[in-house]
Amino acid sequence: MLASPLPVPPGGRAFIDVTALSLDFPLYHGGARSLKKTVLSGVSGKVGGRLGRAGRSPDDPNATRRVVVQALRDLTFSVRSGERLGIVGRNGAGKSSLLRVLGGIYEPVAGRIHTGGSVNTLLDTNFGMNLDLTGRENITLRGRYVGLDATGIRALEEDVEGFAALGPFMDLPVRLYSSGMVVRLGFGLATAIAPQILLMDEWFMAGDSRFRDKAHARLETVVRGAEILVLTSHMPDVLRQWCTRLIWLEAGRIVADGPVDDIMTRYESGAAPAL
Amino acid sequence: MSALPSVTEPSSEPDRDAAGPIGAPGSATALAGAAHGGSLDDMPEMLIDARLGRRVRGLAARADLRDGIALWRLAFTLGWLDIKLRYRGSALGPLWLTLSSAVMVGSMGFLYATLFHIGLAEYLPYLALSLILWQAGIGGLAGEACNSFIDAEQTIRSMRMPFTVQVIRTVVRNVIVLGHNVIVPLVVFAIFGQWPGLAGFLCLPGLALWLLDGAASCYLLGAICARFRDVPPIIGSLLQIAYYLTPVIWKPSQLGARSWWLPINPFDSLLEVVRAPLLGTAPSVFTWVAALVYSALLCLVSWRVFVRARPRIAFWV
């Protein structure tokens, strides 16, 4: 296990610049999913009749108005090569949304985001694998995604196979794997490709304990290779171990940004966010 | 309380002249342990500036197209694996499609040849070709286009990947299906000794147009259907109507003098540019012009919709 944050690869140029970033998250439910109802309510809304109003109460399950969650509000920060940024905050504070925005999956409604360097996002608990495909096919797809040629894909296959030790299961659909095998394959695959910017969700640090030491060593290699790490977590130990800097998110806003120990002390004492 | 640790450093001024979102899905990644070499020029960058609004939306969509095409190997593999998955565990594999098409062409051929009072030798090759081109071509692709983004939900939510990859994947999948089904009309042609000859090669530009239109409908229907989940059934009903209004099981000549309205139906000219050469006749210039005009309209509308919808698709699926 690590005693202190990992050393920084020298000469890195990766960066993340976030300016006045806001993200609205539309939630579609009931009538908002229906073209027919949306068009009808648009028409009746323009006519201004009573019928239009009846369908527009927010409690009405047929309401066509979508609910918009303000996931992130006016965030501004920069991360330079060598920084290990942790993001803390309660459930629903916007941690995962922020990771997805940094990874370019969600595009913000306001503000600007600029990243330099190859990005790998470890977010999905299925590691982005297709459970109906075999382990080998999933590895091929990942290799193609990062633009590897046939030789590269073979090397990737060998590397992941060596780590996951699936034996004959390599050529069976992932759906048939035990949960431990799924984690080993997915983890091995996700960590086989070393990006310059690594965006990682906290569950990645969990996993069963026997597997953990082996995984930890491998994760360490990837993190060491990455110029920037952004990690979301609830776990103080994990954050203290891996990060050099913390951003505390509360209701989509930055409450505090600074060295790990300062922020962690405040966060753990449950100090009311000074909004 | 002591002062909070500083809240963020001042933001750097956005350099406007460097604008233009560059979507690079990890194109410069290396295997673990490999060093990150390379100069600043080949470092992938991503710039999304919502403040520039609609001015850069078109650029972002173009970047999506370019990056998606660069990932064609991935898209082809995805399309092929879709087919493999669909028929995994069945002995005949994708040839099941061929078999079921053959049964349908056979049974419908005898029925309608009788109903229409047309000789089997004249009718069956026409029906076999039309039906396959519709079911595995135009109609099949239009139906699958609806799900091109919805089906990729998990991928879209877990990594940044050009939507164009999903579009190419859907088109590739349908080309494979068409390739398997085309055996049926070929066998029928062989039985009745009716070969189109060299004129048959004139179907190639038509097929190229189909690829373009297929991709365009994936952008269009994929985006709309991701947002409005009641659209796929509506598209299904419309396709059903189009199937009967288009000369697929009946021949244009059966309409006689009333066939003047056929060009109003875009499916008719699009079907004809591929079908006519394979039946040994060249499509008329008018048919080609109509097909090109309809295709241009489709591409234009699709692109505009995609440019607008692209940043939102990840929230919709």
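In case you wondered, yes, glycine gets a Cβ from its N, Cα and C as well.
Nobody curates TrEMBL annotations by hand; they come from automatic prediction.
Just so it is clear, the model here is predicted, and its values are computed rather than measured.
The region 'Disordered' annotation in TrEMBL covers B:1-22. What TrEMBL records for B:95-120, B:126-150, B:171-192, B:198-221, B:233-250, B:285-306 is transmembrane segment.
With Cβ pairs under 8 Å as the measure, the transmembrane segment (B:198-221) is packed most heavily against B:285-306, out of B:95-120, B:126-150, B:171-192, B:233-250, B:285-306. The largest share of C-beta pairs under 8 angstroms with the transmembrane segment (B:126-150) comes from B:171-192, of the ranges B:95-120, B:171-192, B:233-250, B:285-306.
Within the chain carrying the transmembrane segment (B:171-192), a Cβ under 8 angstroms from the stretch's Cβ atoms is held by residues 75-76, 78-80, 82-83, 94-95, 97-98, 101-102, 105, 121, 124-125, 128-129, 132-133, 135-137, 140-141, 144, 211, 214-215, 218, 278, all 6 or more beyond its ends. Cβ atoms under 8 Å from those of the transmembrane segment (B:233-250) belong to residues 108, 112, 116, 127, 130-131, 134, 139, 142-143, 146, 221, 225, 262, 265, 267-268, 271 of the same chain, restricted to positions at least 6 beyond its ends. Remote same-chain residues near the transmembrane segment (B:285-306) are listed as 61, 163, 206, 209, 212-213, 216-217, 219-220, 223-224, 263, 266, 269-270, 272-273, 276 (criterion: CB distance under 8 Å, separation of at least six residues from the stretch ends).
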